[in-house]
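S.K.: I am attaching a structure below and will ask some questions about it afterwards.
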Amino acid sequence: MDFASSVQRQSMFHGGADFASYCLPNRMISAKLCPKGLGGTRFWDPMIDSKVRSAIRSKRNVSYRSSLTLNADFNGRFYGHLLPAKPQNVPLGFRLLCQSSDSVGDLVGNDRNLEFAEGSDDREVTFSKEEKDTREQDSAPSLEELRDLLNKATKELEVASLNSTMFEEKAQRISEVAIALKDEAASAWNDVNQTLNVVQEAVDEESVAKEAVQKATMALSLAEARLQVALESLEAEGYNTSEESEVRDGVKDKEEALLSAKADIKECQENLASCEEQLRRLQVKKDELQKEVDRLNEAAERAQISALKAEEDVANIMVLAEQAVAFELEATQRVNDAEIALQRAEKTLFGSQTQETTQGKVLDGKNTIVGEDEVLSEIVDVSHQAERDLVVVGVSSDVGTQSYESDNENGKPTADFAKEAEGEAEKSKNVVLTKKQEVQKDLPRESSSHNGTKTSLKKSSRFFPASFFSSNGDGTATVFESLVESAKQQWPKLILGFTLLGAGVAIYSNGVGRNNQLPQQPNIVSTSAEDVSSSTKPLIRQMQKLPKRIKKLLEMFPQQEVNEEEASLLDVLWLLLASVIFVPLFQKIPGGSPVLGYLAAGILIGPYGLSIIRNVHGTKAIAEFGVVFLLFNIGLELSVERLSSMKKYVFGLGSAQVLVTAAVIGLITHYVAGQAGPAAIVIGNGLALSSTAVVLQVLQERGESTSRHGRATFSVLLFQDLAVVVLLILIPLISPNSSKGGIGFQAIAEALGLAAIKAAVAITGIIAGGRLLLRPIYKQIAENRNAEIFSANTLLVILGTSLLTARAGLSMALGAFLAGLLLAETEFSLQVESDIAPYRGLLLGLFFMTVGMSIDPKLLLANFPLIMGTLGLLLVGKTILVVIIGKLFGISIISAVRVGLLLAPGGEFAFVAFGEAVNQGIMTPQLSSLLFLVVGISMALTPWLAAGGQLIASRFELQDVRSLLPVESETDDLQGHIIICGFGRIGQIIAQLLSERLIPFVALDVSSDRVAIGRSLDLPVYFGDAGSREVLHKIGADRACAAAIALDTPGANYRCVWALSKYFPNVKTFVRAHDVDHGLNLEKAGATAVVPETLEPSLQLAAAVLAQAKLPTSEIATTINEFRSRHLSELAELCEASGSSLGYGFSRSTSKPKPPSPSETSDDNQIIEGTLAI
């Protein structure tokens, strides 16, 4: 749609019964959208001058006068046009400042000459030289002026909100009128077609009548011919008088024939007259019908023209509504900028006051005045920064401001400045508190504190607990306050934990498990633990004696021989006991995670701790299946389509991360640490990998699997699982003990090529066999209705595919992932996921405990500086590399930092790689022990690193509203996702359900508070207008499969449906309707399915009341389902006449459901096609 010009200023709209004033940016007003209201007031007309079109195409500057008025009660039709005023070339240009308190007369009476230049920057303002010099001399606004700016921006936001709501309502009304006109046009054309059908029938009857007339004429001619023949025959008989008797008989016969011919002639004449009369009537009727057709044609054409004009009006008002919402978003940004500027000024002022108080006891009065000058300069700097961030609205040079600026210019601050600053600080506190209270009133149940949501997040994978929708948060507490509060609540457990920790340190220092310690390399690590423990304090020495006392107590018990079976059982009991004790304990610690509990339990009962577990090797072999079941579960929650949409990050970001990180670490290891080339290659590739099990578990616990950084992290981890195969193949080839004599390019190429072929054959076979066999096999087993056999078949599929990939040289986890990916496409995925949940949880916990068993705390104490330095370099270096690589792939800085923190720790495959390197003679056992320790500690730090990433995001990402705007690069990997328009209570529940099933979605809302809450929970929620084509394009609407629309107002819902159906018709839209009439209009606008919001809440309340009335649960469910089915059937029947499908957008094979039996629900008696949107 072309616009004549974008006027870069604000205009005043004045209308309504109460003459309320509305501020609107003049870029919303174009020569094509020109206002002409009632009573001579001009409003928009869809026609536009061709000269103005060419002007906008050539991007020429057009000047307009500044006065426009809008009647708030216009009836939805636009007429007339706004002619551009004669351009006035004036050397000056400035921004016209429009406040909600201004009037139209003020704007009209403004006799200044304005010139507005159209350009890329909407906020570019030019001043004359005098004004520019004056502005440079003026100092920044004071705190009071900043508060005034904030108040003005808040008022402007309120006006913009009312304005956008008004335009959305008008857009809805105009659209409804357009729909009615369209229906009238369609009805008129139907009447025309029906009349034409009647005319055609009349024409057919006319042709039949003409044929009858022709037949009657022919019959009359035949009768006359017979009469003539009879007369001639009679005359001929009269001349022949041979026999009188014969003549008499012949004459008699001839007379009879003559009479018969006369009768036929008479009958034919009557028939002919009747046919001619009928033909005349049909011709008259045809003429009348033709006139009726002409009249209906004219009426239909008029209705069609009116409908087309109405559609143009709808397009125009939709553009105006979109621009009104855009202005509201800009006003929100200005309010946010004003708040930030005010907070900066207050922070600077409070800091300066504290500094003055501290220095006041030493400095004299002169120094105090100098300190005040420094404070003033800081405030001026902050004010200049705020001025650059703000679009200054209504800054007028009043007397107070001028006096303040003159004081600053002369460098003579008053002696009472400190007192005034203190008063201003107190006022600013009250303003901020009042502002926070207003925001909390706007969102009473939705904007609960971030701290509360984060605490509940640790308890469950559901990121929206029930308290989120009912609690009123008192504000976001700091991290320190949350730690103190948690410590007060959990102080007995903390004391117990520190006691156990001290006992463990004492045990390690006392040399428990000395026989299991690996030999140390003198030139790399320090083998003496005495240097560490010689300086211990008396309390620690007393704690070191605890293990000996515990051993003495144990020796007092009678000793019995333990056979192999009992030893295995005891190992299982110790593992379960340790997990039961440590996991709940670490979950209570702030920032704790079950992973940390498992790791701590493994350290304590492992070979480097109390040495309780005897068969460590067998335990590790079993624990590997924990990772197998985890990857199988991840595959169940994904799909082939979603995986294909992530190929950019899997093969792009993943390969870049592995190659770059391995190269950097390998070079540092070779040139800085002096390791050999093969060892540097193994160390670089081993440390480049991350822990799939730990990271995915942490993401699921925190509910971040579907977030931006969660998707990117999973993609990199998936590629790392493939890269492990290459590393394990490479280690024997570069070994000095290899039969081929070390590194050989040909040998490596041959091995990798053979491995690639085997992997491709194995993966292809698994995918092909799974698609052909899994569904029939599971159907056959499900028909037996045996849960044990069903679970056994699931275990067979998991272990079988894992074995196949292991035999092909791939990891077992990759095979399980493929099996889960194939089962996700069947209808048995939910049952399969439920069956494997117990195995997955226990085996995954066992895996984390085996990782803890690999950590040697005594070796850590002996080589603490070396290990901590290596650990710090690993975490910081990998994070920096991932941030750089992620930025190149379009990931934002904050998301890239969070991905880097999650991928920075080492992985479980490093244990395998380093162990194999020791066996091949590439690295020494001492070095591998140190690397085991570094990798194990880094894995233990993963939950805290994830929490640190969230803290960074909450501190930096949510400061500015602009950071909440959608960016196309952040959603370009989404395919077939869901768009949630409106992140209120309904949108949040939908987001929770989708996130729990790992279904990708993107949410939009115009409330920055709601968006900030969603972003703090790592959800893909963006600040934007759901009815804007540009915003919808940025969130990938052209690739989305459906949209759930639950905005606050009916007008906003209607505008969003209209935009999606017009610009993105492939997206199925499911909308919340306020009532049936609203739902019908939404369906006419293009909604796929409409859900009346009154039905389901009524049914829920009715169910609660019936339960209170002591009705059985089964009877309540039957009654509710019966009513729902009957209501939807009646609603569908009522909508059949209008051609809509209101009633959740699905059809039934039966018009009315059968009454359900006691043993059956109503859902068993009807076949439903489609998805029930409730």
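Using the three backbone atoms N, Cα and C, a Cβ is placed for every residue, glycine included.
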S.K.: Using Swiss-Prot as the source, do ILE589 and THR924 end up on the same side of the membrane?
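M.R.: Going by Swiss-Prot, ILE589 and THR924 are on the same face of the membrane.
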S.K.: Let me check one thing: do the transmembrane segment (899-919) and the transmembrane segment (679-699) come into contact, meaning three or more Cβ pairs under 8 Å with sequence separation of at least 6?
M.R.: yes
S.K.: Count the Cβ pairs between the transmembrane segment (566-586) and the transmembrane segment (747-767) that lie under 8 angstroms and are 6 or more residues apart in sequence, then report whether there are at least 3.
M.R.: no
S.K.: To the transmembrane segment (649-669), which of 593-613, 747-767, 808-828, 866-886, 929-949 is linked by the most Cβ pairs under 8 Å?
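M.R.: Ranked by Cβ pairs under 8 Å, first place goes to 866-886.
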S.K.: Around LYS170 (N6-acetyllysine), how many other C-beta atoms are within 10 angstroms of its C-beta?
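M.R.: Taking all protein chains shown, LYS170 (N6-acetyllysine) has 21 Cβ neighbours within 10 Å.
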S.K.: Sequence gap of 6 or more, Cβ distance under 8 Å, 3 or more pairs: do the transmembrane segment (593-613) and the transmembrane segment (808-828) meet that?
M.R.: no
S.K.: Who are the chain neighbours of the transmembrane segment (808-828) in space, where the CB to CB distance is under 8 Å and they lie at least 6 residues beyond its ends?
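M.R.: For the transmembrane segment (808-828), the sequence-distant neighbours (Cβ-Cβ under 8 Å, at least 6 residues beyond its ends) are 624-625, 627-640, 643, 692, 718, 721-722, 724-725, 728-729, 755, 758-759, 761-763, 766-767, 770-771, 774-775, 778, 782, 797-798, 801-802, 909.
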S.K.: Run through the domain 'RCK N-terminal' (975-1092) and tell me, per DSSP, how many residues are helix, strand and coil.
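M.R.: DSSP classes over the domain 'RCK N-terminal' (975-1092) add up to 53 helix, 26 strand, 39 coil.
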S.K.: Where else in the chain does the transmembrane segment (866-886) make close Cβ contacts, counting only residues six or more beyond its ends and a cut-off under 8 Å?
M.R.: 524-525, 653, 656-657, 660-661, 664-665, 668, 687-688, 712, 860, 893, 895-897, 899-901, 903-906, 930, 933-934, 937-938, 941, 945
S.K.: Hey, would you say the transmembrane segment (714-734) packs against the transmembrane segment (842-862), going by three or more CB pairs under 8 A that are 6+ residues apart?
M.R.: no
